[in-house]
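**Student:** One structure coming up, written as structure tokens, with questions to follow.
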Amino acid sequence: MDWGSLQAVLGGVNKHSTSIGKIWLTVLFIFRIMILVVAAERVWGDEQQDFVCNTLQPGCKNVCYDHFFPISHIRLWALQLIFVSTPALLVAMHVAYTRHEKKRRFRNGEKIDIEELKNEKIHIRGPLWWTYTSSIFFRLVFEAVFMYVFYYMYDGYQMPRLVKCNAWPCPNTVDCFVSRPTEKTTFTIFMLAVSGICMMLNLAELCYLVIKICMKEPRKTT
Amino acid sequence: MDWGALHTILGGVNKHSTSIGKIWLTVLFIFRIMILVVAAERVWGDEQQDFVCNTLQPGCKNVCYDHFFPISHIRLWALQLIFVSTPALLVAMHVAYRRHEKKRQFRKGDQKCEYKDIEEIRKQRFRIEGSLWWTYTSSIFFRLVFEAVFMYAFYFMYDGFRMPRLMKCNAWPCPNTVDCFVSRPTEKTVFTIFMIAVSSICILLNVAELCYLLTKFFLRRSKKAGNPKHHPNHENKEESKQNEMNELISDSCQNTVIGFSS
């Protein structure tokens, strides 16, 4: 089970999304997951190996690395991407359930074409609208939470070159040097920017769905 | 999600490209992405590990490496390839949208759309005309812009395209000035020049494609303008009326697409 399988699972959801939802999915896969896999993982690959402290004290480097990097950026991004992709599965489950119900009605003798049922694009109306809208809302919440966690854990989005460590067993204060800080800062800012773009796409989709339902209501009443 | 997945996504775009576009896609995948994955990544694989500085001062090597290589060549190329491939997705999205509209019209039973079944709509290759022409041309324009921007970023960041053997570093905590030696400088220079050359070939292909599309557009316009003047006799008037009718019918299919988007 890897990013490719996630793509296979979410590809099915794509069919029942709005146009903005499809764009969001493309941005997610190409500008976030792909960048993570082909570029960012290499940049952070040697993060502990090339984290160097100016001391001969055994254990000091380990303790300092652990103190300054409780959870690595890469792992946080992987978690963020998984959590952000998951609400779309709610929609997939709802669609599967609707289809299952229709098949059951067909088997009970109602006249529905089963081939058409398989290929049918289910419109975002009624309970599916609520499921879809909640999934977008949860996506937004997860994105915001992770962006805040990043900011809180690393005191901003810049990777410093030097960190001063005085955790035991380091003698007094020790200078520790981070590996590839500029490259890491560049990628952090890039991932943050794309995360921001995804949030805006989600907001736009939410507004679109709300407007759509509001426009349908007056038509029903008139 | 890796280069293979990108290849699958862009393979679909290939069907609706011009011949030059297909050549560009082949050059991109074989001479850039494949070279990056099978060769260049190995060359740069040990770049920090084998970056050696003539000092025992802890942290000096890290700082000097970070100073001289803010973003590694490999990452810049990966970003360049992703950005350069992405405009083609605009075309894919536009084609998918048109197909969706035609399927919708077909299902409604609109007799103006001349498709016999849905399979035909799926397999149909759309010609690069009308709004698709604009999408396609903008995608080529963006490709050119991204290629140029990345080439300039390379040149600016590394003061040219050559990888030096020796770098003199005096960033803190290095004591005074320290000699640092780069790993595999000649091999890196060779690959950098190769990737720049292929990038330039891709730029030339894009420029050629842009010129081809513009020429096609202007020729079509001049044919439309020139037709009634060059064939004034009665038979050709009827033919041109029939052509106008056919265009109106095909335009009505397109206009529902344009109308929806505006």
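Keep in mind that glycine also has a Cβ here, set from the backbone N, Cα and C atoms.
Remember, it's a predicted structure, so these values are computed and weren't measured experimentally.
Found this in TrEMBL, in case it helps:
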type	residues	note
TRANSMEM	B:23-40	transmembrane segment
DOMAIN	B:42-75	domain 'Connexin N-terminal'
TRANSMEM	B:77-97	transmembrane segment
TRANSMEM	B:132-158	transmembrane segment
DOMAIN	B:146-213	domain 'Connexin cysteine-rich'
TRANSMEM	B:191-214	transmembrane segment
REGION	B:225-244	region 'Disordered'
COMPBIAS	B:233-244	compositional bias 'Basic and acidic residues'
**Student:** Quick one: mean pLDDT on the domain 'Connexin cysteine-rich' (B:146-213)?
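**Tutor:** Mean pLDDT for the domain 'Connexin cysteine-rich' (B:146-213): 93.
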**Student:** So what's near the transmembrane segment (B:77-97) in sequence-distant terms, Cβ-Cβ under 8 Å and 6+ beyond its ends?
**Tutor:** 6, 9-10, 12-13, 16-17, 25, 28, 32-33, 36, 40, 126, 131-132, 135-136, 138-140, 142-143, 146-147, 150, 195, 199, 202, 257
**Student:** For the transmembrane segment (B:23-40), give me same-chain residues lying six or more residues beyond its boundaries with a C-beta closer than 8 angstroms to one of its C-beta atoms, as numbers and ranges.
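**Tutor:** Same-chain residues near the transmembrane segment (B:23-40) but 6 or more away: 3, 6-7, 10, 13-14, 17, 73-74, 77-78, 81, 84-85, 88, 191, 194-195, 198-199, 201-202, 205-206, 209.
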**Student:** As a quick check of your reading of DSSP, tell me how many residues in the domain 'Connexin cysteine-rich' (B:146-213) are helical, how many are strand and how many are coil.
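**Tutor:** Taking each residue of the domain 'Connexin cysteine-rich' (B:146-213) in turn, the totals are 42 helix, 8 strand, 18 coil.
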**Student:** Take the domain 'Connexin N-terminal' (B:42-75) and count its residues per DSSP category (helix H/G/I, strand E/B, coil), listing them in that order.
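**Tutor:** Per-class counts: 14 helix, 2 strand, 18 coil.
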